[in-house]
């Protein structure tokens, strides 16, 4: 087939996948299942497209995961996850280790896998998938701390699990000691963190001071910077995934121009990466081989969901409490245990030992494929019910206030555009009650499609769009004040929940 035909097929698949997202959303299912289904349908048992190259699948999969992690970092609100980071870091390290050990012991004792293969299976299944979790939680508000733990954990736990799978796959032909394993893992994480923490602030500093000729260049530049951190960390033998997530987290929470456009661009790129990734993994799967993986997969998945994940959450929570970094109560622990969905990452990681030629790796891939499908179908639709049962679902809250900024270079000022979300306590506030600093002014309000210049006594309404001109020096104060009033009303102060993000 010619390139034009392949482009047509690819475009049709993407359009069909986009249309299916709405159906999956209504059913409370993660869209990954639909995308995987497209891949299986196109594969050897459907339309007959043959794809059985784990090397290509691994490279494409890791690249797609980098895009997904970049989007995760760019769209994560640091003020929401900051208090959850200590527990999330413990879950991403100690929790991952506990999960690997429990699953490996199960595979060793019940499935009869060799020790190295059992450890690989445990490492492959240790990482959670935030995209799978939040695709079914968009209609279910959670307390900020609980949602922050899930979000931050999924961003941080990819790096150690990828390192563990790569090292264990390479250990099939060698016998590294536990000390060597821990040392290599620590060094890779440190290098990755250093690169991400260097590229992120440097890139943000540069973008704030360079006036690009077109607004569309800012999202491209930001995404390119995240891949600079990824490639740089890999070249230095560090964790590219940790680097890309940290740099994206810093860039996404920096005072950059056109932040909303950047986040929208990153979200679109991540959706495209997810569609391509899952369709490819569906093509790679062989339905004829799946029946033999069902029983082992169900055994491993049951242990993972009912024992390994709860135990890792419990140990991590106790350790976080012992370190005086906060902890989760039993209701939150139970929800975190059930919300540990597995998605793209375990299936992609399962291609690493397969590409390395590890004995039994194809069976591991098949088991992981079965586990992801079966337990996503089981856990995904029941998450809202479990949240209500455990009484961890938060009451309806206002959507976070999004502030879009465009620099006015010659005036040394910024133009801020704010839409007042439903439930915001900005509703009913008069303009003078915003108490902006002297260098800021609401210059225009767009309401019901009509624009007008407000007076000091004009009342703000939900769904209004406010245009605010502020000097560069006052911009941070204005954004803090807007968010404070949106959360706490016109009597909000300037710090903590009363003003500081």
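Using N, Cα and C of the backbone, Cβ positions are placed for all residues, glycine too.
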| In TrEMBL, which of 137-158, 159-180, 335-356 is labelled transmembrane segment? | 335-356
| message | Tell me which of 113-131, 189-207 corresponds to the transmembrane segment entry in TrEMBL. | response | 189-207
| remark: Here TrEMBL annotates transmembrane segment, and of 32-51, 392-411 the range meant is 32-51
| message | Tell me if the transmembrane segment (57-75) touches the transmembrane segment (335-356). I count contact as 3 or more CB pairs below 8 A, with pairs 6 or more residues apart. | response | yes
| Segment-segment contact (the transmembrane segment (264-285); the transmembrane segment (57-75)) at 3 or more Cβ pairs under 8 Å | yes
| message | With pairs fewer than 6 apart in sequence excluded, do the transmembrane segment (368-387) and the transmembrane segment (297-323) have three or more C-beta pairs that lie under 8 Å? | response | yes
| said: Check for me, if you would, whether the transmembrane segment (189-207) reaches the transmembrane segment (57-75) - at least 3 Cβ pairs under 8 Å, residues 6 or more apart in sequence. | reply: no
| note | The correct DSSP tally for the domain 'RCK C-terminal' (403-484) reads 17 helix, 33 strand, 32 coil
